[in-house]
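**Student:** Below are the structure tokens for one structure; questions will follow.
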Amino acid sequence: MTKYIFVTGGVVSSIGKGIVAASLGRLLKNRGLKVTIQKFDPYINVDPGTMSPYQHGEVFVTDDGTETDLDLGHYERFIDINLNKYSNVTTGKIYSEVLQKERRGDYLGATVQVIPHITNAIKEKIMRAGTTTDSDIVITEIGGTVGDIESLPFIEALRQMKSDLGSDNVFYIHTTLIPYLRAAGEMKTKPTQHSVKELRSYGIQPNMLVVRTEQPITREMRNKIASFCDVEPEAVIESLDVKTIYSIPLNVQKQNMDQIVLDHFDVQAPKADMSEWIDLEHHVQNLSRTIKIALVGKYVALQDAYISVTEALKHAGYTDDADIDLKKISAEDVTPENVEELLGDADGILVPGGFGDRGIEGKITAIKYARENDVPFLGICLGMQMASVEFARNVLGLKDANSAEIDPKTPDNIIDLMADQEDVEDMGGTQRLGAYPCKLKPGTVAAKAYHNEEVVMERHRHRYEFNNKYREAMAAKGMVFSGTSPDNRLVEVIELPKKRFFVASQYHPEFLSRPNRPEGLFKAFIDAANQTGKVKA
């Protein structure tokens, strides 16, 4: 029978529940168990696809085209699995589906209520995550903190799961903060005690506590927490601040986190072989070089807005024994007058995805600088589109060239709306989303980046595409269309082969990068940038 692990949080948000859940998932997977993981977000949006990155951070896209919370990126990178639409569920999605059933008459005239209809829908999503993947273990993280009014239906559903499945088949983990008061030189357990008290008031007794802390907790403190919160002392897991998040699975393994869970489930499994992870973590802590990458984007003020890009750069750097010094530059600040000052010390320039016209000219200026000065360049999604526009303006001489998204009246719409998007009215969930095949042209930089594979599957999130009526003119000036859809209609990758590295993709390669298996384009980009990387002092 499938076993279910529920991860909740208390005291403060952004406490690291997702990393804890992903770390446990990796340990259980390495013990030979099939694991899947999901995130419930209490907000009323159906998905994060229409939310500002400043509000929510990055939108992560799964193979099946679901726009999800950025925590799913952590899940995939840590556990090395591909997730699906059941891996991210919001209050908005639950209510939308319940209301659709009510309109169809599925409830046979019953009064539709939070209990049982909403809670049953939540439980169905939990069960589906396991049945659709045939998993041994389902890990479910609840966003926000216990006590938030928005999360109450989810907490109630988790409580009911124990009655539905039996206590031997569910395991509750509660993550909390132990604040350190520098003035007093003390760590305080009271917030954790109150958070657990709140959780217990909703009918859930946690089996394990994960306490986030700046300082190591003492045995006395561990026993105190265990006594007041009614858990075993060994089930109080310390989560210290670390230099790299890839230390966390090893840290919690040392505290027998995975074994405690399996003992509760009465599941026998060999000890997790984490030798590859140990090597990775040691390598990450001892990198000998530094590569400076300039990321020119729209949402640089928020760290999480480009989290998958940041992690993909790091993964590629690890294989080159290089730490990535990421210099985030607001595209709005880049002008022809200051571009040398802003980008002159960069070993590579990356322009990521985005939407809208704000900062567009700054991105084009940065791309022009990379092309004219032969600085390794990687463009992603909008970055690829603007690389095409820059080439049209400054190489083909089409001075008013633009994207129809930015300037609908441009005489040279190098980037145009996709035909199947013309009658689309809703914004949410209507883009070209998910994994699609990209056919690579043999002998190109892109093909070599993927070890000369003929076709690669990559994830997309866009409405606009390269306008094929400009393909011939650009090719005549040296641009190579090295990746296309299998029918050759949609341009997926462009490159300038005479440059050290100048490649841009319509798809989002960052979503498939793994810490021990960097994505091809990122690896090739960092390899090129590494030629000017600096040895660490």
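Glycine residues also receive a Cβ, built from the backbone N, Cα and C atoms like all the rest.
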**Student:** Ser14, Ile15, Gly16, Lys17, Gly18, Ile19 bind ATP according to Swiss-Prot; which of Asp69, Asp71, Asp80, Asp106 goes with them?
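**Tutor:** Checking Asp69, Asp71, Asp80, Asp106 against Swiss-Prot: the ATP site match is Asp71.
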**Student:** Return one of helix, strand or coil for Lys190 (UTP binding site), based on DSSP.
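**Tutor:** DSSP call for Lys190 (UTP binding site): helix.
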**Student:** Other Cβ atoms within 10 Å is the metric here; tell me which of the recorded positions Lys188, Lys190, Lys224, Arg463, His508 scores highest.
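**Tutor:** Its Cβ has the most other Cβ atoms within 10 Å: His508.
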**Student:** As a test of reading the model: what is the averaged pLDDT for the region 'Amidoligase domain' (1-267)?
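**Tutor:** 93, rounded to a whole number.
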**Student:** Which of the recorded positions Gly16, Ile19, Glu141, Gly354, Cys381 has its Cα closest in space to the Cα of Thr192 (UTP binding site)?
**Tutor:** Gly16
**Student:** Could you measure between Ser13 (UTP binding site) and Arg463 (L-glutamine binding site) for me? Cα positions, answer in whole angstrom.
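**Tutor:** If we compare the Cα positions of Ser13 (UTP binding site) and Arg463 (L-glutamine binding site), the gap is 33 Å.
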**Student:** Please list residues from the chain of Gln385 (L-glutamine binding site) whose Cβ is under 8 angstroms from its Cβ, counting only those at least six apart in sequence.
**Tutor:** Ser403, Ile414, Ile415, Tyr464, Phe466, Gln506
**Student:** Suppose we draw a 10 Å sphere around the Cβ of Cys381 (active site, nucleophile). How many other Cβ atoms does it contain, all chains included?
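**Tutor:** Summing over all protein chains shown, Cys381 (active site, nucleophile) has 23 other Cβ atoms within 10 Å.
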**Student:** Out of Ile15, Ile19, Ile149, which has the highest number of nearby Cβ atoms, where nearby means within 10 Å of its Cβ, if these are the binding-site residues?
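**Tutor:** Counting Cβ neighbours within 10 Å, the top one is Ile19.
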